[in-house]
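To start, the structure itself, in structure tokens.
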Ligand SMILES: [Zn+2]
């Protein structure tokens, strides 16, 4: 008798022991997942003294580094008024809870209580501008970002120093000649998740190729060249600073983690 048929036989008169073990494992996994999620939502605050000490330490590390890059996520745009995804219901952020947290709790964003700006009107924050300055000074090699709000691009960070892993909501690209168009409107028009044609055509009269938005939705592959170049920075870096990301979404989160796994500075 196979294990499967044994299990089926014992289940016939009630719940089999395998069922009970399986349920216990699933319950344990679900409890662990829940605890991990709760831990991710916990917000930590340093005293001004501790913050000064950390900033000084970071400045020293940046000065000493040979290959430094920054990895950013939604958390760096909340102060521009763009809500993130994972902040908890009790967050101190003016933008309020993250979009996925609200969805999970079946709630709507409170427009009276929370300060939210559309991505088109949002202005790059001090953080975005500080990164531009570091890049101009030659201290920062590049920014690898999970954000598609376009704030890094609009902050003045040159294209060669920016890798937008999940695309840019204001950029559409010609499928024929590859030319990119940075628009002052959200380029996505398709209602279907995996359809990306915007309905517009390339301006070049000898091309007139169809344009596609550059947004990468869940389940879609990341652009290969952007991903490969980002991995290259992960392999070379001796310092990586992660800002505004819980490093949950793969494969993007593998890039900064590579730096830590090689025993280099990562935080
Ligand atoms: Zn074209």
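From the backbone N, Cα and C atoms, a Cβ is placed for every residue, glycine too.
Look at TrEMBL and you will find 166 tagged as active site, proton acceptor. Within the same chain, residues at least six positions away from residue 166 (active site, proton acceptor) with a Cβ under 8 Å of its Cβ are 145, 146, 147, 148, 215, 216, 222, 252.
For residue 174 (Zn(2+) binding site), applying a Cβ distance below 8 Å and a minimum sequence separation of six or more within one chain yields 180, 181, 202, 204, 207, 209, 210, 211. For 174, 177, 202, 207, the entry in TrEMBL reads Zn(2+) binding site.
According to TrEMBL, the domain 'Deacetylase sirtuin-type' annotation covers 48-267.
Of all the binding-site residues listed (177, 202, 207), 202 sits in the most crowded Cβ setting, with the most other Cβ atoms within 10 Å. Checking the recorded positions 166, 177, 202 against ligand 1, the ones with a C-beta less than 6 Å from an atom of that molecule are 177, 202. Mean model confidence for the domain 'Deacetylase sirtuin-type' (48-267) is a pLDDT of 93.
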